[in-house]
Amino acid sequence: MAGAGGGGGVGGGPAPMGGSDLQWCFSQVKGAIDEDVAEADIISTVEFNYSGDLLATGDKGGRVVIFQKEQENKSRPHSRGEYNVYSTFQSHEPEFDYLKSLEIEEKINKIRWLPQQNAAHFLLSTNDKTIKLWKISERDKRAEGYNLKDEDGRLRDPFRITALRVPILKPMDLMVEASPRRIFANAHTYHINSISVNSDHETYLSADDLRVNLWHLEITDRSFNIVDIKPVNMEELTEVITAAEFHPHQCNVFVYSSSKGTIRLCDMRSSALCDRHSKFFEEPEDPSSRSFFSEIISSISDVKFSHSGRYMMTRDYLSVKVWDLNMETRPVETYQVHEYLRSKLCSLYENDCIFDKFECCWNGSDGALMTGSYNNFFRMFDRSTRRDVTLEASRESSKPRAILKPRKVCTGGKRRKDEISVDSLDFNKKILHTAWHPLQNIIAVAATNNLYIFQDKVN
Amino acid sequence: MAGAAGPGRVPGAAGGDGDDSLYPIAVLIDELRNEDVQLRLNSIKKLSTIALALGVERTRTELLPFLTDTIYDEDEVLLALAEQLGNFTVLVGGPDFAHCLLPPLESLATVEETVVRDKAVESLRQISQEHTPVALEAHFVPLVKRLASGDWFTSRTSACGLFSVCYPRASSTVKAEIRQHFCSLCSDDTPMVRRAAASKLGEFAKVLELESVKNEIVPLFTNLASDEQDSVRLLAVEACVSIAQLLSQNDLETLVMPTLRQAAEDKSWRVRYMVADKFSELQKAVGPEITQNDLVPAFQNLLKDCEAEVRAAAAHKVKELCENLPVDGRETIIMNHILPFVKELVSDSNQHVKSALASVIMGLSTILGKENTIEHLLPLFLAQLKDECPEVRLNIISNLDCVNEVIGIRQLSQSLLPAIVELAEDAKWRVRLAIIEYMPLLAGQLGVEFFDEKLNSLCMAWLVDHVYAIREAATNNLMKLVEKFGADWAQNTIVPKVLGMANDPNYLHRMTTLFCINALSEACGQEITTKQMLPIVLKMAGDQVANVRFNVAKSLQKIGPILDSSALHVEVKPVLQKLGQDEDMDVKYFAQEAINVLALA
């Protein structure tokens, strides 16, 4: 591995992630191999549950697929906890709003797991308008024995019932059921971009372009509006809400990011309506780099609190920033994701790529970050060493336990071996959604209709 | 399955050698697993019938084990099951076997659906009373401990509700263990469990020895009241009420009051809201002295809180707080310490606060008496009657009776009238609807003269409102007015105007005439109905609009019983017969219906 590429700079050598010299190897790929991708199969969200044993994906066809991590198997030492399909269900269907003459897509925008409360698992899934609470439960027993029919299902003569039979439970093959438990509808005029479960375990928020609502998980007919940035006159609209999230531990704190590149932190203790933020995170703009695209590329596409709750990470078009909640004036860390695209903004604007919403995630110990890029590349940043790496999710390297080679994009000048030129990047292959196992070095990367799972190399 | 239960298939007594009384039970048992949730629910609700047929032995050994594992079902089925099992003791063989019911209820107590869990806990509490003291320690207490140390927080939350029922009957060693378990749930990792513990803290405190309350419950209460989650802290306020009732004034001052003071000034508005919301209960629990020294100043702060939700909750409590002050010195406290803050709220920036205040402020007049009311409260009432928010005005008007008793309504009538007129013409029909509903009350208090002079025209104007709900309410309003002022008044003031509308070019207004007649005929009596109303109704049978004609048929059906039989046969019958031949289907239908109901065929 050490052989790959020179050190330093963008896309530098093999990066030690999470403290030790960590190398990533291919584990699994899910989804069809065809070049022909059906729109409905495109993965639109990826999320691990709190233990990391379950991994949920949502797609543009409104389906949710849940993968379960297999128990590690002594007899097959090399199969380390692979993820296999546990349950698949249709979460949302396409709908039509007759009042507004609008089609409501079935695309799953976000999935959030609830902390586990009993043997069953629960998750929230949302499309543009409606949030649903799903229960995923197992059944391994079946009742047997009827009074009015015999074992083969033939009806018995009702005249000949001489004794009552109480059904007996017999073991059966494990069956996983997904059932809709609650439907939270009719509270959003605009498109829902985020949902986030509160640490009090009884409420969650949902955010659309202009409003944030607070729900009780058990009440579907009522939600409280906690942020409303809709101006009286819509022509005065200058910014929209792009993402929102609850603090992982403080039940009263949440943040929301805006298209202007700012983040507001609100304290629900101070008032019922959180229109007035208690903290405002904004980095002063560098006048020298100002351009026509400045405002577009500064729009924040995702915001995530660190597990510790001390930091938050934001993703804009070209960078990832880490903010200390105690410092509002500038981020404590800034990582360039694909700086080489700065010269290409014009064509990215023309093909609409500049509006792509990349998400970002923390690793379990908050020591490393991951986010996506184009050409099926994704990036990881180690916070302590400040080293970064570009990896590729591709079929070519999808041999079992094959170690992922760091990729490098060359920016002008002479292209070295193993480097790829900016001009040959495929902008249709974008990695928008990634997830990191909360406890282990296992990552899930959604590349169009394929879900790649990578693990760290064990010796 | 369902088909087999049909009456045609029920076997007769003669015939087979089976016991035919078993058949319906067999159906019920099979339907416990029917695909149709309604049939399953039906069977669960008849679980006692099944158990009775099986006998106590088989119920214990077969039915209950089956039910214990049937927790996959829909919530409503589980809810019904949890409820049934609470009354099952007799069916399993009486108190000696009550513990057999614990396993199914234990599994129901761990499901995620709160209503089901709560019902299971309720049934467990019920059954605990039927356990012998020995069985309680042998079976019930271990169940509580199991739930309390369960892996999932659903089981731990359920445990919180069971401590108070087993504690009083347990031996002293077991008591100590129970207290220990409760204590650890109060500092559980999940907020769900801490909330459950906080909400049961008061109940648990009531069954504890006073020493334990002071030494163990109070520290738990203090901890919960300073929990990091405000959703937990706010529940501690409720516990405060119960704990305060158990302690002496001295203990109260040292053990509870510091926490309560802190809650009233909590950083989170939800906690302060809770204090405001529970204020009357707190006031009763801490007694007059602490109320005067501590709660009144706290209340002042709540009335001027920076969060409108808190001010509104406090405003709602103004009357109750004043009522519950000791009569001795009450007036002084209110005049000097409450009223100045109330005055501020009259011009609050938030309409919910003003409207909360408007819903109770009139009640102060009975407490403060005539002179204070005229001098201090009347200006506030008048200001609120002119408030820009209709809800505020409505709330004042709807509570006029309180003032009427103290100073008479005349004092207000000059301001009242413009307020009523404005509401009556409000652009929002719901506001108009609300004021219509107060008309009979107002009419009663203002008297017939004032009404005729000022309000009658409003009532008539509503009859031709462009919103149906208003016309409908206006019709009912007329009926109530007639009940109040009598038939003579109706004949002179209302009936002519109503009947005049029968010639209105708008068919909706013509129909309103019919609706009014439907509503008024009974109150007006036979003479007015026959002489004045009936001719108009009959004339309208020739209306060109079918909707009017079939409403004539309906009206005739309605007023028929009030008419004498000659009018019925001579006048009504031919008209209905003619309508029965109408070209319109609906007219024919309603005419025929009227003929049948009035027995004119």
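Each residue, glycine too, has its Cβ placed from N, Cα and C.
Annotated repeat 'HEAT' per TrEMBL: B:24-62 (among others), in sequence order. For the repeat 'HEAT' (B:24-62), the model's pLDDT averages out at 91.
Annotation comment: TrEMBL describes B:98-282 as domain 'Phosphatase 2A Regulatory Subunit A helical'.
The repeat 'HEAT' annotation in TrEMBL covers B:101-139 (among others). Sequence-distant contacts of the repeat 'HEAT' (B:101-139), counting only residues of its own chain at least 6 positions beyond either end whose CB sits under 8 Å from a CB of the stretch, comprise 64-65, 67-69, 71, 75, 78-79, 81-83, 85-89, 92, 95, 146-147, 150, 152, 154-155, 157-158, 161-162, 165-166, 169-171, 174.
Listed as Cβ neighbours of the repeat 'HEAT' (B:178-216) (distance under 8 Å, sequence separation of 6 or more from its ends, same chain) are residues 141, 144-145, 148-149, 153, 156-161, 163-164, 166-168, 170, 223-224, 227, 229, 231-232, 235-236, 238-243, 246-247, 251, 255. Per TrEMBL, the feature repeat 'HEAT' maps to B:178-216 (among others).
Per TrEMBL, repeat 'HEAT' is recorded for B:217-255 (among others). Here the repeat 'HEAT' (B:217-255) has Cβ contacts under 8 Å with residues 182-183, 186-187, 191, 194-195, 197-199, 201-206, 208, 210, 262-263, 266, 268, 270-271, 273-275, 278, 281-282, 285-287, 289-290 of the same chain, all six or more residues outside its ends.
When Cβ-Cβ distances below 8 Å are used as the criterion, the repeat 'HEAT' (B:256-294) is approached by residues 218, 221-222, 225-226, 230-231, 233-238, 240-245, 247, 249, 301-302, 305-307, 309-310, 313-314, 316-317, 320-321, 324-326, 333 of the same chain, each at least six residues removed from its ends. For B:256-294 (among others), the entry in TrEMBL reads repeat 'HEAT'.
Taken from TrEMBL, the feature repeat 'HEAT' applies to B:295-332 (among others). Sequence-distant contacts of the repeat 'HEAT' (B:295-332), counting only residues of its own chain at least 6 positions beyond either end whose CB sits under 8 Å from a CB of the stretch, comprise 261, 264-265, 269, 272-273, 275-277, 279-280, 282-284, 286, 288, 338, 341-342, 344-345, 348-350, 352-353, 356-357, 359-361, 363-364, 367-369, 372.
Summarising the annotation, TrEMBL assigns repeat 'HEAT' to B:338-376 (among others).
Broken down by DSSP into helix, strand and coil, the repeat 'HEAT' (B:377-415) contains 32 helix, 0 strand, 7 coil. What TrEMBL lists as repeat 'HEAT' is B:377-415 (among others).
The annotation repeat 'HEAT' is assigned in TrEMBL to B:416-454 (among others). Long-range contacts of the repeat 'HEAT' (B:416-454) within its own chain (CB-CB distance under 8 A, at least 6 residues past either end) are made by residues 385-386, 390, 393-394, 396-398, 400-401, 404, 409, 461-462, 465, 467, 469-470, 473-474, 477, 480-481, 484-485, 489, 493.
Cβ atoms under 8 Å from those of the repeat 'HEAT' (B:494-532) belong to residues 460, 463-464, 471-472, 475-476, 478-479, 481-483, 487, 539-540, 543, 545, 547-548, 551-552, 554-555, 558-559, 562-564, 567 of the same chain, restricted to positions at least 6 beyond its ends. Residues or ranges marked as repeat 'HEAT' by TrEMBL: B:494-532 (among others).
The repeat 'HEAT' annotation in TrEMBL covers B:533-571 (among others). Taking H, G and I as helix, E and B as strand and the rest as coil, DSSP gives the repeat 'HEAT' (B:533-571) the counts 32 helix, 0 strand, 7 coil.
TrEMBL lists B:572-601 (among others) with the feature repeat 'HEAT'. The DSSP breakdown of the repeat 'HEAT' (B:572-601) into helical (H, G, I), extended (E, B) and coil residues amounts to 22 helix, 0 strand, 8 coil.
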Problem - Chain residues outside the repeat 'HEAT' (B:377-415) and at least six past its termini with a C-beta under 8 angstroms from it - result: 342-343, 346-347, 351, 354-355, 357-366, 368-370, 422-423, 426, 428, 431, 434-435, 438, 441-442, 445-446, 450
Handout entry: the repeat 'HEAT' (B:338-376) - residue tally per DSSP class, helix then strand then coil
Key = 35 helix, 0 strand, 4 coil
Handout entry: Outside the repeat 'HEAT' (B:533-571), six or more residues from its ends: residues with CB under 8 Å to it
Key = 495, 499, 502, 507, 510-511, 513-515, 517-518, 520-522, 524-526, 578-579, 582, 584, 586-587, 589-591, 593-594, 597-598, 600
